[in-house]
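So the structure is just underneath, and the comments pick up after that.
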Amino acid sequence: MTDQRQGPITTFLLSSPEIVFVSYAIFASFSTYFCMYAFRKPFAAATFAGLQFFGTTIKLKKAIVVSQIIGYALSKYAGIKICSEISPHKRLFTLIFLIIFAESALIIYGILPNNYKVFAIFLNGIPLGMVWGLVVWYLEGRRTSELLLAGLSCSFILASGIVKDFGRAVMGGVVAEWWSKIPLLGTIISRLM
């Protein structure tokens, strides 16, 4: 039998009332998936007005969105095998790797000419489709799973709009103004910009 040492957070959560664990798990899963959306949706703020995909009748933005959805959908199928076989001690590393892969695809997206951005955004969708499965892995099989998963699900409801709005603020050069609308920390952050 191996000696498994527990970190201070685990020790604290194990000795706390269940509501503390539930609150922590909802916050952690919500935050993780919310942050993933920053790698998935901000490009949707761009309009690509008047641009067609390789001179066809397909609008470039539509081709880019569909390309990411295809990558995202394919990764859901790959994730059935990959996410279910990842050992617990490799989950965090895998989440970080998936986000780095997605960011690398976005960097390529920024470099490529407009018509070729569909290939980079397809690559971006592949790792992001597996993030949900890995985050759910931490939450499922508990007495409070339904509550935990409801908290996680709220993240994509809010994140999609917020990261697109932030993307528009970046493109419009009004990031500091955008931050000023965020309660509590917004005014502090906007003054620093």
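In case you wondered, yes, glycine gets a Cβ from its N, Cα and C as well.
So that you can see what the record holds, here are the features copied from TrEMBL:
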type: TRANSMEM; residues: 20-39; note: transmembrane segment
type: TRANSMEM; residues: 92-112; note: transmembrane segment
type: TRANSMEM; residues: 118-139; note: transmembrane segment
type: TRANSMEM; residues: 146-163; note: transmembrane segment
Problem - When counting Cβ pairs under 8 Å to the transmembrane segment (146-163), the leader among 20-39, 92-112, 118-139 - result: 20-39
Handout entry: Remote residues contacting the transmembrane segment (92-112) - C-beta distance under 8 A, at least 6 residues beyond either end
Key = 32, 36, 39-40, 43, 86, 119-121, 123-124, 126-128, 130-131, 134-135
